[in-house]
Amino acid sequence: MSKFVYKDMLVILGLCMAFHAMAADSAAVRGNADRGKQLFEQQACNSCHNINQRAVGPALAGVDQRRSLDWIVKFVRSPKAMIDAGDTAAVALYNEFHIIMPDHPSLNQQDVQDILAYIDANAQAAPAASQPTISAPAVLEPNYMPLSFQKNAVFFLSYLFVVLILVIVLLFAVKVKDVERSRHE
């Protein structure tokens, strides 16, 4: 065989090895979703985080696409240290949510990968941009009856009569008090 065939075979072999390494790395990042669920609940992540919605902390769906695995591991293990060090993403999260996540120094990289696998397995697809996530409320007609004397004469006359009776009763009560005071003097 010629030199060119050997070169081609070496190139193909190198590409195969590279793809195999990438596939192995990708499989390692996936982790175990069942174990991730256990860790997510044991570490009380669900008390501040929801996978698909904001809560006390950010929604976690797609976090592994927004940040590198190394960054996520460092942040989970000690978010305060990253904020104090001035990490821009960590500081931005603190400024947005105004709370520091508790440190989880006992979690290693595989634990974080398992939690990420659980998050990915339970993440819902984001709604399409053309669909509103919240529909506008329906316009309600006010529930009132406009007052006009022609249509509501009985109402106005009854109201006037009640007010007139109250005034008469109050005047009578004042007159009775005056008479009682004059008797005692």
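Positions of Cβ are set from backbone N, Cα and C atoms, glycine also.
What TrEMBL records for this protein:
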DOMAIN    31-123  domain 'Cytochrome c'
SIGNAL    1-23  signal peptide
TRANSMEM  153-174  transmembrane segment
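Looking only at the domain 'Cytochrome c' (31-123), the predicted model's pLDDT averages out at 89. Mapped onto DSSP helix, strand and coil, the domain 'Cytochrome c' (31-123) counts 56 helix, 0 strand, 37 coil.
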